[in-house]
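K.L.:
So TrEMBL has the following annotated:
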DOMAIN    15-392  domain 'Major facilitator superfamily (MFS) profile'
TRANSMEM  12-34  transmembrane segment
TRANSMEM  54-75  transmembrane segment
TRANSMEM  82-104  transmembrane segment
TRANSMEM  110-134  transmembrane segment
TRANSMEM  146-164  transmembrane segment
TRANSMEM  170-187  transmembrane segment
TRANSMEM  208-232  transmembrane segment
TRANSMEM  252-272  transmembrane segment
TRANSMEM  279-298  transmembrane segment
TRANSMEM  304-325  transmembrane segment
TRANSMEM  337-359  transmembrane segment
TRANSMEM  365-387  transmembrane segment
Amino acid sequence: MKNQQTSHDLTSAYLPLFFLTAIFFMNFTIRISISPLMPTILTDMDLTGDQAGSFFLFSATGYCIAVFFSGVVSARIMHRNTIVLSAVGTGLVFIFTGFCHSLSGMRLGIFLAGMGAGLYLSSGIAVLTSTISRKNWGKALGIHELAPNLSFLLTPMICEMLLLWMSWRYVFFVLGGVYILLGWSFSRFSTIRDFPGEAPKLKSFYPLAAIPSFWWMMLLFSLGVSGTLGIYSMLPLYLVNEHGIAQTQANTFVTLSRVATLPMTLAIGWITDRLGLKPVITAVLMLSGILVILIGIFSGRLLLAAIFCQPVVAICFFPPAFAALSNIGSSQTRNVAVSFTIPAAFLVGGGVIPGMIGVLSENGYFSAGFVVTGILILSGAILPGFLKFSSQEDGYPDESG
């Protein structure tokens, strides 16, 4: 009887898990689809490199604001409605953005789409962990976290396939429509336990602000996101404009370079258990920074080799970095540390860095943008030495000093 009940509980959780993972996939896909579409958008709208790069800054700014204040929304309308609002609202705004013919209209649409997407994460995790029993959290969160990695892998391919039959504006319509349909389906068919969120309290931030390691981790995460989302955002445009590679071929290279990132996220956990958090974070930033520099220097086959190696290394930053962040401060402040660190990291790494590369590209220094970014990431390799952890995790070498 007990086994039957457990089987029923798992089965009843499959549908919410499917919907939440699909919504998270589309949440990420809409935000990063601008990258593989950028060469076409730039040509069609006659944009400059700095104007193209500004799209990522507007998107990241909207996302950062919404992630921070998402608790205010979910506290008023509950987590379920917040997820639906995020999906349907982002889809509608993305469709609106497809109709925009002015730079200001595109920027506004992308900013609002970033805000809509930012409402999802905290409510999605809260609903997932409340729907599934604690003993199955690891498996459920692992499935849920496949969404962004799959999005990085599949979005260039999806965009290129759609571009065979339609313009980039209709790609916006299709992606927005799919997201709206997912949001409606989640509202209509998924049964979950609903409850309100909690608005952010600045007083919870004060204890963290006095810990230097918290600020080091915020900077480290900004560099980590720069090496993944920041490079990903501008890479297709760089390959097309700077190296004369056809857009379809450039997006194919970007897609194939992400294939090996999926198993690496598992392998890096084993490596971290053996070597410790600080050495792994240091090594990842060193290698990722060097490879980004080489992307800005190399051409031909050496460039392709750097493109294929860099994301495999860069993706290894996050498992040990999240483990390190969880060892900063007390157990009561760890969720607050994540709430402040991740939005700031996405703003810098996913917005400021692509914007900077775009400005340099407009002034004839596109490759220099990658070199500068690589130097910044490489310089971050000294920061783990300044981290002081509040506890020692089982299986990790002593790194408290």
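Glycine is no exception: its Cβ is also placed from the backbone N, Cα and C atoms.
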K.L.:
Which one of these stretches, 12-34, 54-75, 337-359, has the most C-beta pairs shorter than 8 Å to the transmembrane segment (110-134)?
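P.N.:
Selected stretch: 54-75, with the most Cβ pairs under 8 Å.
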K.L.:
Counting only pairs at least 6 apart in sequence, do the transmembrane segment (54-75) and the transmembrane segment (337-359) share 3+ Cβ pairs under 8 Å?
P.N.:
yes
K.L.:
With the transmembrane segment (12-34) as the reference, find which of 146-164, 170-187, 208-232, 337-359 contributes the most Cβ pairs under 8 Å.
P.N.:
146-164
K.L.:
At a Cβ cut-off of 8 Å, and with pairs 6 or more apart in sequence only, do we get at least 3 pairs between the transmembrane segment (337-359) and the transmembrane segment (208-232), yes or no?
P.N.:
yes
K.L.:
Short question: which residues 6 or more past the ends of the transmembrane segment (146-164) have a Cβ under 8 Å from it?
P.N.:
21-22, 24-25, 27-29, 32-33, 35-37, 40, 170-171, 174, 228, 232, 236, 247-248, 251-252, 254-255, 258-259, 261-262, 265, 311, 315
K.L.:
For the domain 'Major facilitator superfamily (MFS) profile' (15-392), what is the mean per-residue pLDDT, to the nearest integer?
P.N.:
91
K.L.:
So if I exclude everything within five residues of the ends of the transmembrane segment (252-272), which remaining residues of that chain have a CB under 8 angstroms from its CBs? That is, six or more out.
P.N.:
36, 146, 149-150, 152-154, 156-157, 160, 232, 235-236, 239, 245, 280, 304, 307-308, 310-312, 315-316, 318-320, 323, 396
K.L.:
Under 8 Å for C-beta pairs, could you tell me which stretch among 82-104, 208-232, 279-298, 304-325, 365-387 has the largest tally with the transmembrane segment (170-187)?
P.N.:
82-104
K.L.:
Is the number of Cβ-Cβ pairs under 8 Å between the transmembrane segment (279-298) and the transmembrane segment (82-104) three or more, considering only pairs separated by 6 or more positions?
P.N.:
no
K.L.:
Give the one range among 82-104, 208-232, 365-387 whose Cβ atoms make the most pairs under 8 Å with those of the transmembrane segment (304-325).
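P.N.:
Stretch with maximum Cβ contacts: 208-232.
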K.L.:
Can you work out which residues elsewhere in the same chain, 6+ from the ends of the transmembrane segment (208-232), have a Cβ less than 8 Å from its Cβ atoms?
P.N.:
32, 35, 152, 254, 281, 285, 288-289, 292, 295, 310-311, 314-315, 317-318, 321, 324-325, 328-329, 333, 336-337, 340-342, 344-346, 348-350, 353-354, 357, 370, 373, 376-377, 380, 383-384, 386-389
